[in-house]
Amino acid sequence: MRWKRTLQLLDVHCEGEIGRVVTGGAPKIPGNTVAEQLHWMNTDPQGEALRRFLTLEPRGTPMGSVDLLLPPKHPDAHAAFVILQPDQAHASSGSNSICATTALLESGMVEMQEPETVIILETAAGLVKATATCRDGRCEKVKLTMVPSFVHELDVSIDTPEWGRVTMDISYGGIFYALVDVRQIGLTIEKANAAKLVAAGMTLKDLVNREMTVVHPEIPAISGVAYVMFRDVDADGSIRTCTTMWPGRADRSPCGTGNSANLATLYARGKVKVGDEYKSRSIIGSEFDVGLSAVTEVAGRPAVIPTIAGRGFTFGLHQVGLDPFDPLGDGFAMTDVWGPEAGNI
């Protein structure tokens, strides 16, 4: 084969959400910090080309993300990574941290210790501690100690053409979220409503980013509302979520960074305290354990340290390559399967 670029990937899913972990063949990513590497991926033509190569057709699919492993910068970290999606590279993700941890352990890149292995992941948002329960050579469950999460603004109200005034919380859990009580748009969080939820999420994300500017007070590379997460409460008290992702799909997992952002709003409203735990349930019924382990501050703002626990499962191992004569090397997407915003890719 005459490929001019070859990368190895290990396919993992976390509670239904796919994270394809790049384990070999990636070029060196410039930057002295992971935040600088994230910025390069999102601003340099070479970074954009690598992201498109891995995430778009014919090599990529709408479902899931690509987790690009990087050499760690921090002396305590075992590995660093950024999350590649069709829109851009992202700073942090709970489900992708679980996928990366599972891949590192089950591939042997990090030595597995039974019954428990602790891995420190370095992200652009900070260090994430992953405590993996291990047995018989497999990673059974991963508990993440997430980055400090904080509220940007509660009860933001915006005008919408379809639902009138919609109220949302803008909160940070590793990236910024608009958190919306789903009943405001006349829907429930279930698989049959996935397409309608996605369309609503794309509309609301566009509207809120037009009206507000959000920037992390300490990490300026992290800015803008990345996702809209719809939320509801099930009969058993579990929080049901649906995170909508550009260009138009629903997260299959309960969403780790989204639940971290939501936990910050619950703490701000006095609804949870240190030591509390609860279940979060996704649109497909998969679950995370969510906990409030500690409180802290970020640039003078009250913040929480969330824990998120879930399972990762490996299901594939493959290579992707680029033929130098392939006219579609830059990748493409179409609205038939990629969602309503695919025409803007």
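Any Cβ shown, glycine's included, is placed from N, Cα and C.
Feature list (source: Swiss-Prot):
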BINDING   Q85, G94, S95, D251, G256, T257  substrate binding site
ACT_SITE  S93  active site, proton acceptor
ACT_SITE  C255  active site, proton donor
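Projection of Swiss-Prot feature records onto the structure.
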| residue | record | Cβ contacts under 8 Å, 6 or more apart |
| --- | --- | --- |
| Q85 | substrate binding site | R51, T55, S65, V66, M245, W246 |
| S93 | active site, proton acceptor | G19, S65, I83, G174, I175, G256, T257 |
| G94 | substrate binding site | C14, L144, M146, G174, S253, C255, G256, T257, G258, N259, S260, F288, I308, G310 |
| S95 | substrate binding site | C14, E15, E17, G19, D251, S253, C255, G256, G310 |
If you draw a 10 Å sphere around the Cβ of C255 (active site, proton donor), how many other Cβ atoms fall inside it, taking every protein chain shown into account?
31
Radius 10 Å, atoms counted are CB only; among the binding-site residues D251, G256, which position scores highest?
G256
What count of other C-beta atoms do you get within 10 angstroms of the C-beta of T257 (substrate binding site), across all chains shown?
33
Additional residues around substrate, ordered along the sequence, whose Cβ is within 8 Å of the centroid of Q85, G94, S95, D251, G256, T257:
E17, I83, S93, N96, T243, S253, C255, G258
